[in-house]
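Under the heading (2R)-2-phosphoglycerate binding site, Swiss-Prot lists 164, 340, 369, 370, 391. As annotated by Swiss-Prot, active site, proton donor applies to 208. Swiss-Prot lists 245, 288, 315 with the feature Mg(2+) binding site, giving sequence analysis as the kind of evidence. According to Swiss-Prot, the active site, proton acceptor annotation covers 340.
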């Protein structure tokens, strides 16, 4: 009798992401199920991220992924066909061995991750389980508080704002459904407020669905957000708080050793002072990448100074890499991890990174990339890990809303059990 969990076929193809760039999609088949996964891609990437294989040449302006697709079809597929689809860690480990490099540059993290996620989905489908339950077991019931990126700057936008993301967090809501309603209502009022102040062209949206008005000073978006939240009928801070992603590797001048914000140069002490002022003036509860990816000292300073009242998130600092996370934990750099599955390249390693962080008392924010697809795996992953936080853009563009809509479905499925952590997003179990 055939094993219903045996992998019978693996197919990879090139598809388009939300920016119109090629990315990898993989399907894994068993006699009784199929799992499909599409791989996201970032714009502001940390230098220590696992390598995304691109073809170069003129096709798709060099961004084609035919090599990665071929690596799945010709190298990975023959090795995993015949394996049990529920052997997630064995399959992930085998792919790492096949690749043989530290940063997955041989087969490509985009090839490996596509297979890793498709395997998990095929296994969940074979067992008749939702993905969050397959990964997280019966204890997966914490809904994430959304960090919704409603005003964009940095490399995600064409304006002069140096900070990359200005996000709202509905910490006062009672459920995920209520939270997403608050975000949506605020987003629509924000559009009106921006249009009144900056004109019609200012409400074009960026890669992640947020607005990119012609702002320069970092206080401008925060003032506009306060106004929008109040006009939407909510209390800034108490009901809807702010989160920032400075993405400061992008505005660090390596030659001068200075950070350049709104045309002004700051050393790390002065930049820390700017963050302190912002946190004192506005209801900011989380700051991501406040210093550049090698400024461990800056991260230690801000964590000591502000970490008791503000979440300090490492993205480019950690790149979801357990080695770098352990270094941060030892030094006291940051107190939360931004978890991006494609930064590390397999589901098993991403889960390890999350648990390494949890054990040290760090928060975990499950995150999208700026180049996304309709794949909603990260919604299930956020619930599977009981992470309590998700960062997946504004409530606009289907590539972002695919994740929010999946979370609405999951909360409905967990009716009576689901917990929305609200202000306890950093540690839902406290």
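Every residue, even glycine, has its Cβ placed from backbone N, Cα and C.
When Cα-Cα distances from residue 340 ((2R)-2-phosphoglycerate binding site) are compared across the recorded positions 208, 245, 288, 315, the shortest belongs to 315. Summary for the binding-site residues 340, 369, 391: the Cβ-based neighbour count within 10 Å is maximal at 391. Residue density at residue 245 (Mg(2+) binding site): 28 other Cβ atoms are found within 10 A of its Cβ, drawing on all protein chains shown.
Within the set of recorded positions 208, 245, 288, 315, the entry lying nearest in space to residue 369 ((2R)-2-phosphoglycerate binding site) is 208 (CA atoms). In terms of Cα distance, the recorded positions that sit within 10 Å of residue 164 ((2R)-2-phosphoglycerate binding site) are 245, chosen from 208, 245, 315. Mapped onto three states, the DSSP output places residue 391 ((2R)-2-phosphoglycerate binding site) in strand.
Comparing the Cα of the residue listed as 'active site, proton donor' with the Cα of every entry in 245, 288, 370, these being the binding-site residues, the smallest distance points to 370.
Calculated from their C-alpha atoms, the gap between residue 391 ((2R)-2-phosphoglycerate binding site) and residue 245 (Mg(2+) binding site) amounts to 11 Å.
When secondary structure is read from DSSP and collapsed to three states, residue 340 ((2R)-2-phosphoglycerate binding site) falls in the coil class.
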